[in-house]
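According to TrEMBL, the record shows the following:
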type    : residues                                      : note
BINDING : I7, G8, C9, G10, H11, M12, A63, V64, G65, P66 : NADP(+) binding site
DOMAIN  : 4-90                                          : domain 'Pyrroline-5-carboxylate reductase catalytic N-terminal'
DOMAIN  : 145-248                                       : domain 'Pyrroline-5-carboxylate reductase dimerisation'
Amino acid sequence: MVHVSVIGCGHMGGALVRGLSAANHRVTACDVDESALEDLSGVADGTTTDLEAAASAPIVVLAVGPDIAGEVLAGLGLDPDQTVVSVAAGVSTSVLESTTDAAVVRMMPNLAAEYGEMAAAVTPEPTGDVAAVLADLGTVVTIEEDQMDLATAINGSGPAFVFYLIGAMQQAGIEGGLDSDDAAALAAQTFKGAAEIALQSDESVDELIDAVATEGGTTIEGMEVLWDSDVEDVLGEAVTAAEERSAEITAEVGEE
Ligand SMILES: NC(=O)C1=CN([C@@H]2O[C@H](COP(=O)(O)OP(=O)(O)OC[C@H]3O[C@@H](n4cnc5c(N)ncnc54)[C@H](OP(=O)(O)O)[C@@H]3O)[C@@H](O)[C@H]2O)C=CC1
Ligand SMILES: O=C(O)[C@@H]1CCC=N1
């Protein structure tokens with residue numbers, strides 16, 4: 001068990017608090033907004049609006065907005081024997097390092113941290129307790145700093161893109177006559193199951209599509225529609241738009 005403070009307990013920080021608590025770490029949840037802490041009082045070991053009280057943990061997760069991340073980190077006055085894990089989109093390691101004496105790990109996680117199913121990109125490679133704690137939240141991949149904008153789009157923003165696709169599948173079911181809850185369950189579980197196969201299998205995505213598409217059957221008819229469409233290009237454009245916004249944020253916070 002490691003003591004971890006999470007500063008900023010909104011959507012992302014709250015998910016991290018829940019995931020870390022579920023993994024039996026000692027978690028202090030800190031937010032200036034008391035209402036953000038209400039739901040976490042039965043989950044975290046402690047909740048506080050006092051940043052100073054949360055600043056003594058060996059691992060401090062910074063989950064406030066990119067616009068204030070540097071300022072909040074500077075105010076914590078962390079020591080060199082502590083590690084700050086910043087999840088703020090677009091805030092570079094060099095900006096973070098210029099505002100703290102603590103070791104810095106920049107991470108782009110996602111909301112599935114709540115269930116230990118996070119896909120996260122980090123730089124630099126974490127070690128020791130930090131690596132162990134992050135691994136408890138899901139899959140952690142070490143990348144280069146200049147790949148962070150792309151990772152922010154792929155695995156940080158990615159859940160929103162997937163929710164959109166789940167919603168489209170669900171809507172098709174409803175329009176075909178399925179009960180709304182049934183359509184929601186079938187669509188979401190199908191994404192989860194397909195993702196599990198993709199993770200577990202040694203086969204390529206094309207080989208997996210082949211495995212579903214029985215000769216002369218139904219799947220190939222749907223796949224022909226997708227292959228003839230611009231869905232792949234549009235998804236690429238969505239990733240690029242999010243990636244470009246991450247780079248813009250870097251420029252914005254770097255200018256302060
Ligand atoms: N949402 C996501 O899926 C992901 C988000 N991130 C990153 O996580 C960070 C937070 O995003 P998100 O959770 O969506 O945003 P939210 O607005 O949901 O959460 C931010 C929280 O921080 C609080 N806060 C503001 N100032 C302070 C302060 N000085 N000290 C402590 N807490 C403070 C806010 O309170 P108040 O509302 O009163 O301002 C709010 O509760 C961002 O940097 C984002 O880039 C990264 C990956 C995924
Ligand atoms: O939308 C955002 O800016 C944050 C970062 C990645 C996911 N949510």
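Using the three backbone atoms N, Cα and C, a Cβ is placed for every residue, glycine included.
Annotations in TrEMBL come from automatic prediction, not curation.
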Can you give me the same-chain residues 6 or more apart in sequence from I7 (NADP(+) binding site) with a CB-CB distance under 8 Å?
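Residues satisfying the criterion: G13, C30, D31, L51, A54, V60, V61, L62, A63, V64, V72, L76.
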DSSP secondary structure for A63 (NADP(+) binding site), reduced to helix/strand/coil, please.
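The three-state answer is coil.
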Taking the Cβ of G65 (NADP(+) binding site) as the reference point, list residues of the same chain whose Cβ is under 8 angstroms away and which are at least six residues distant in sequence.
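Within the chain, G65 (NADP(+) binding site) has Cβ neighbours under 8 Å at G8, A88.
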